[in-house]
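Below: one structure, written as structure tokens.
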Amino acid sequence: MQRIAGITKMVTHRRWLGLLLLLLCVGYSHGMPHVLRFGGIFESIESGPSGAEELAFKFALNTINRNRTLLPNTTLTYDIQRINIHDSFEASRKACDQLSLGVAAIFGPSHSSSANAVQSICNALGVPHIQTKWKHQVSDNRDSFYVNLYPDFSSLSRAILDLVHFFKWKTVTVVYDDSTGLIRLQELIKAPSRYNIRLKIRQLPADTKDAKPLLKEMKRGKEFHVIFDCGHEMAAGILKQALAMGMMTEYYHYIFTTLDLFALDVEPYRYSGVNMTGFRILNTENSQVSSIIEKWSMERLQAPPKPDSGLLDGFMTTDAALMYDAVHVVAVAVQQSPQITVSSLQCNRHKPWRFGNRFMTLIKEAHWDGLTGRINFNRTNGLRTDFDLDVISLKEEGLEKIGTWDPASGLNMTENQKGKTANVTDSLSNRSLVVSTILEEPYVMFKKSDKPLYGNDRFEGYCVDLLRELAAILGFGYELRLVEDGRYGAQDESSGQWNGMVRELMDHKADLAVAPLAITYVREKVIDFSKPFMTLGISILYRKPNGTNPGVFSFLNPLSPDIWMYILLAYLGVSCVLFVIARFSPYEWYNPHPCNPDSDVVENNFTLLNSFWFGVGALMQQGSELMPKALSTRIVGGIWWFFTLIIISSYTANLAAFLTVERMESPIDSADDLAKQTKIEYGVVEDGSTMTFFKKTKISTYDKMWEFMSSRRHSVMVKSIEEGIERVLTSDYAFLMESTTIEFVTQRNCNLTQIGGLIDSKAYGVGTPMGSPYRDKITIAILQLQEEGKLHMMKEKWWRGNGCPEEENKEASALGVQNIGGIFIVLAAGLVLSVFVAVGEFLYKSKQNAQLEKRSFCSAMVDELRVSLKCQRRLKHKPQPPVMVKTDEVINMHTFNDRRLPGKETMA
């Protein structure tokens, strides 16, 4: 009985135990799984240490299991398999092994061939495949069991293109590591067809890490804007080799597509001046992210990075951060799937996981704020969307954030412009720059000294002072060098090659060109210019014409010959009009005998001769005894008086100047005069900006001048300004040059003068190589000098000379015969003419008397001459006819001027 009772008791205990197990199973079936396995497949070198992705995979799982915040009732385990790089068969076999164990998801591998093999298996069996490396997505992709946390490279390519636009690059070199780089940068490669960008594509050597031959070609080709598409290890090697080849200077600007640029050791390049830009997806500014990275650095000590990787200790790479976020995203999906169970799957049975579709949907719908920012997926293709990138750039303090980029709003540069301006002095301090210049007064000249001078002390001038002021503001040192070929810089039409200072800037033989270097369109295409420090134009330098003394008839010069002719015509016209009006107006006829009011005879004083005499008297401002009585004749007289008043006043005002000033008559007065003649030769400095202006001009006058100069190129072109000035002084030659230099020369040589005004308008600026970081800094310093008035002070210092005596400063000299001798000639001519007229009148009157007295002409002339020679006699007998004439036969001698009053009868 006891045995039976014991058996019964044991059975009862087993029933209770079974019931308890049943309840536990029921409870387990309605809650989250207690243990869930993830699979990880990672590439590694045989017997090598664990990679960063594998460590991040373990680190993420351990973090979730320790915190118990995300999955409080579930423990995550893992199965890690290692494969050789690019071994897709081994990757497939390892994936099948993990699926047979039962995994909820497979992470990795990284390389595309192995990843594609694993992806096809996961897609067939309905198991999520999680990737953290870039993979090329075809347009008809049907891999529904797939998500990728790496940003889509079409977006990254647009981000790089936005940077190129922001930096205003016109020439870009793309250097890629493998063929997938061309796919990743397709947006940038398409840019030349849509934007004005010249693109050159190069490939890194495939079988070696020696990039020096490629870098040498780039240096020879002056390729300063380069985009490197490679991993962080190759990027670190390229930077070291570029430093050894002298390609880590301020003229080079590199953009790296790797998101691990922030983790590279850039300490050797901080003070090199090189421009280095990249992107960072790791949100290091978040305190929680920083805390996780700090914990990661402790884990990383177990497997530090390889010495040749170029990575800094304690930095979490982008691949590791993406793997960490990938594990957490899948854990979020596990949290949302309470009844998920894993099962063993066989690759040869093609029986998919029954929870696969649901679990994959939960993963694509999951949201997580991870180390790499907000994580969302496109539910169609499984690609990541809505990610943010930090734009980082190398500064003297290291790599700093200068902006952000996201697919929605694009590039947003957030660099502190105020701080950037404040650091202008710091960025150039203690740097030594090579400055190219050219000898030209008063810009750069050799300093006159009894002692031998060396270095920068050999030079003086406006540009030397300007350079000294710029160096004082920006804190840099400099070495002043004369340009080797002595030219400013022009492009050869046949070869397209440049010379002079422009060439030295293009070849980076000089950092600055501080000289009278004009800012032109063609130069701006190959070099950069600062803001102008001087504005000017082209004008004509010519000999000052010799002064000519006024001639004896210079009193006629105040009025032009046309005006003299018009005055004569006006005088004749007014006199005739006055005569006609006076004849027609009844008020100009008057009684010649006022004492006899009954006289029927009236007289008109304005005969034709009297009308001419009236005009002469008014013109000479002497008047006459003739006065108009009618209103009409008074109007004519008043208008004529007003006319003569203005004419005489204008004549008098100009007469003094024309009699006292020596006339400076130049054969040319403007560029038009030069273009219309060929007697006076004219030219410019060869290969200068003035020559470029005439060569490129579309204005007909200047184009005609260029045809003349180009046809006589060897005879009219000069090598320097000094040669041009010498030709002006020694021959009949006009020199076209900058107005500021003409101003300087004419202040010191009174035999030279400027002809006409400015032909064009241009400016001088400080030249820098294309893309030089010094340009903006130089511009700011020039604007500061302008606001302080120092540019004007320097110009006054170097342009002010003794000056030439001004004409108006001369004392008035006494007038000589050569000034007003013509007046005496006119007077003498008038006297001689009056004598001849008097003789004519005497002869004419003698003839009339002879006819009246019925005697000979000679006797009448002798009598008249006898009376005329008796100077004291005032009276003489009036000639009488020999016979008496009847009263009614008396002829009125004024029949032409007298007329009888109307209504009166004629005399009987």
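Every residue, even glycine, has its Cβ placed from backbone N, Cα and C.
Among C25, C96, C750, the one Swiss-Prot lists as the disulfide partner of C347 is C96.
With respect to the membrane, Swiss-Prot annotates L264 and M717 as residing on a common side. Binding of L-glutamate is attributed by Swiss-Prot to P516, A518, R523, S689, T690, and the same site annotation extends, among E460, E625, E738, E743, to E738. Same-chain neighbours of the L-glutamate site beyond P516, A518, R523, S689, T690, E738, judged by a C-beta within 8 angstroms of the site's C-beta center, are, in sequence order, Y488, L517, T520, G688, T692, K762, Y764.
The binding-site residues shown are P516, A518, R523, S689, T690; of these, the one with its CA atom nearest the CA of C347 (disulfide bond) is R523. Here the topological domain 'Cytoplasmic' (841-908) returns a mean pLDDT of 62 for the predicted model. Within 10 Å of the C-beta of C96 (disulfide bond) we count 17 further C-beta atoms, all protein chains included. Considering only the glycosylation sites N275, N378, N412, N67 (N-linked glycosylation site) has N378 as its nearest partner by CA-CA distance. The binding-site residues shown are P516, A518, S689; of these, the one with its CA atom nearest the CA of C750 (disulfide bond) is P516. Looking only at other Cβ atoms within 10 Å, the busiest spot among the glycosylation sites N67, N275, N378 turns out to be N275.
Packing against the transmembrane segment (562-582) from elsewhere in the chain are residues 556, 588, 604, 606-608, 611-612, 614-616, 619, 628, 630, 632-633, 636-637, 640, 643, 647: each is 6 or more residues past its ends and has a CB under 8 Å from a CB in it.
In three-state terms derived from DSSP, N67 (N-linked glycosylation site) belongs to a helical segment.
Counting other C-beta atoms within 10 Å of each candidate's C-beta, the recorded positions N430, S689 are led by S689.
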